[in-house]
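Engineer: Handing you this structure, nothing more for now.
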Amino acid sequence: PIVSKMALLDDNLSKALKLLADVPLIDGHNDFPYFIRGWFPEQIDSLDCRNVRIAHTDLERLNQGRVGGVFWSAYVPCPDRHAKNDFVVDAQYESLRATMQQIDIIHTLIERYSDRLGLARTSSEVWEVFRSGRIASLIGVEGLHQIANSPGVMRNLYRLGVRYITLTHDSNNLYADSTNSSGPFHGGLSRDGISIVKEMNRIGMMVDLSHTSVATQKHVLAISKAPVIFSHSSCASVTEHPRNSPDDVLDMLKANGGVFMITFIRKPTDAESPTLEKVADHVQHVGDRIGYEHVGIGSDFDGVMLTASGLDDVSKFPLLIAELLKRGVSDHSIKNMIGLNVLRVMDSVEEVSMKMKETGEEMLHEVFEEIWDEKMRDEVRKTRDIFD
């Protein structure tokens, strides 16, 4: 069990468990599917996901942690050529193939453990799965390199259940600059990036700004018609780190209506002492700065070797909630943070999508590689007796 019998008597922990029974705790980012790919490359069919002690995540500990929903990340690494700002599509086909494999792993887990997990694509489906006693399973993609420069691929990812895409991972791409790269290339969003954000708004795909440069974050927050998320990020005012966002970005996020989901990654949490308490500091900073209706949790479990101490695996979420209650954070604010905020954003993103489609917003087209030459076109005209 996650706590001793004596600890269960603690008022804050008891209250935390009650709150987690009322509202689904939705983790904005979990990399267990990629851990499966790395640790069990030839054993996926026989893997027992109820107990995987080598990982941060398994079904038993998700239950112990009272997790109500997870955005499973269909992450794959950036192509090597992206490090040189070479975004040629040929380098991304392997990323696309691996992305489809990762989405297959996620769907396979949901199907195999249908008594524990349920696919969720909308807020209503999250509630339906949660109230059935299962964990709502949502899908995120961690980088636009995974769409192989194709809006059509992105639309198909949405059809497969993907509900957010992080604009970048560790490298710049065709669309945007990353904070982890050697330096800016576009100065924020590129022209293609502006178009892809608009298309994400149109189809109802949440924009995720974790990993992006501050310039990219500000650019998106200035143009997005829908609220955005930071699926796993931290605050620069609490800890200086390249991945952490400054207060002026948080202020723009408040105006946008989005959610900043605090991560458990050690260095962004605190270079010297990354602890549960320090994670709580980041949560409180967002809450105090822009309101608890704009903060969430995005652990990055199984995306890093170690997380903040005290938050060592998915069973430990109640301890963070108890710490925040101890600090005086209200029940209402806790409920917003653990799940209601991201569910609100999901609803808002859908509403924006519906309005854009109703007003005839044009889809983002792409130019296909030519497959017919003029000789072939002439043959079609001749055969069908149709001439210009």
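Glycine too: its Cβ is placed from the backbone N, Cα and C atoms.
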Engineer: Quick check on the annotation: Swiss-Prot has His29, Asp31 binding Zn(2+), so which of Glu142, Glu199, Glu240, Glu272 does it put in that site too?
Structural biologist: Glu142
Engineer: Just the number: how many Å between the Cα atoms of Arg243 (substrate binding site) and Asp31 (Zn(2+) binding site)?
Structural biologist: 18
Engineer: At a 10 A cut-off on CB-CB distances, which of the binding-site residues Asp31, Glu142, Asp300 has the highest count?
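Structural biologist: When each Cβ's neighbours within 10 Å are tallied, Glu142 leads.
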Engineer: Same chain, not part of His169, Arg243, Asp300: whose C-beta falls within 8 angstroms of the C-beta centre of the substrate site? Give them in sequence order.
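Structural biologist: The surrounding set, listed in chain order, is Glu142, Asp170, Asn180, Ser210, His211, His232, Ser233, Thr263, Ile265, Gly303.
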Engineer: Please report the Cα separation of His169 (substrate binding site) and Asp31 (Zn(2+) binding site) in Å, rounded to an integer.
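Structural biologist: That comes out at 13 Å between the alpha carbons.
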Engineer: I need the CA-to-CA distance for Glu142 (Zn(2+) binding site) versus Asp300 (substrate binding site), whole Å please.
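Structural biologist: Distance (Cα to Cα, whole Å): 11 Å.
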Engineer: Which one is it: of the binding-site residues His29, His169, Arg243, which Cβ has the fewest other Cβ atoms within 10 Å in this structure?
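Structural biologist: It is Arg243 that, of the binding-site residues His29, His169, Arg243, has the fewest other Cβ atoms within 10 Å.
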